[in-house]
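As recorded in TrEMBL:
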- D32: active site (ACT_SITE)
- N80: active site, proton acceptor (ACT_SITE)
- D32, E219: Mg(2+) binding site (BINDING)
- 33-37, R45, H49, 77-79, W81, R83, R200, 206-208: substrate binding site (BINDING)
Amino acid sequence: MRAIKDMSSIKKIEGFDIDIEKIPKHIAIIMDGNGRWAQKRKLPRALGHRAGVDAIRDVIETSSNIGISYLSIYAFSTENWKRPQEEISTLMKLLIEYLRKEVKELHKNNVRINTIGNIKKFPEDVQNEINKAKELTEHNNGLCVNIALNYGGRDEITRTVKKICNEFLNDGLVIDDIDEKLINAYLDSSNIPDPDLLIRTSGEYRLSNFLLWQCAYSELWFTEVHWPDFTGKHLLQAIEDFQKRQRRFGGI
């Protein structure tokens, strides 16, 4: 990751009709298409995943440069455990490799690493690398890269309900205390605003159990581009389209 540029005095981004003062605060991405990218090139799926990791670097850099506050990326879902063990092992190794290789540079550029999902199911060495990256960057106040690991929207909501039920049993919570604010407080993303824009690559048109509660009013943007080919320019295209929309949040 190259050093973050100073964008404070820039109002427009060259080549795009984007108002830098109206950049979405939180962008979420479903990084889809690593396997299809590899298959198209007659390569092993593992090389598709590796190319996908490389694509993350450019998107983080662009996000940092234009002043996005939160970038949520869907790295490993609760359903991904159904994949062949060899592929799961490859994904775990790539996660460790990425964190070890990138975290110091991310820290240098004031990027904070956060995770959502239940990482306790991961191997201990993976958990250790995740926790080290979070601890190193926890006081940074630039871009927050929010990595979804062993995450599923339904699983998150289920765990949230269990936490609230525990409050009933042990802390005197009553039915009338339950509202959206309380539920938000128990979600994995309780300290992060809802996504303004959700991007999905590789020509699929579904949420795939990602941030189901949080994306209630997110704008959705889909592209046929497979994730390994997705660049900062594609991110800017999505933002350009986002800024042309009128968000009503259920109103007129």
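For all residues, glycine too, the Cβ spot is worked out from N, Cα and C.
Keep in mind that what you see is a predicted model, and the values were worked out from it rather than measured.
Under the three-state DSSP scheme, L207 (substrate binding site) falls in the coil class.
For E219 (Mg(2+) binding site), the nearest of the recorded positions by C-alpha distance turns out to be R200; the candidates were H49, T78, N80, R200. In the structure shown, across all protein chains, G33 is the one of the binding-site residues G33, G35 with the greatest number of other Cβ atoms within 10 Å.
Looking at D32, E219, the recorded positions in this record, the fewest other C-beta atoms within 10 angstroms of the C-beta turn up around E219.
All protein chains considered, the CB of L207 (substrate binding site) has 17 other CB atoms within 10 Å.
With respect to their backbone Cα atoms, the residue listed as 'active site' and T78 (substrate binding site) stand 15 Å from each other. The candidate set comprises the binding-site residues W37, W81. Of these, W37 has the most other Cβ atoms within 10 Å. Counting neighbouring Cβ atoms within 10 Å of each of the recorded positions (T78, N80), the lowest count belongs to N80. Annotation for H49 (substrate binding site): same-chain Cβ neighbours under 8 Å, separated by at least 6 residues, are N34, G35, A38, E87, T90, L91, L94.
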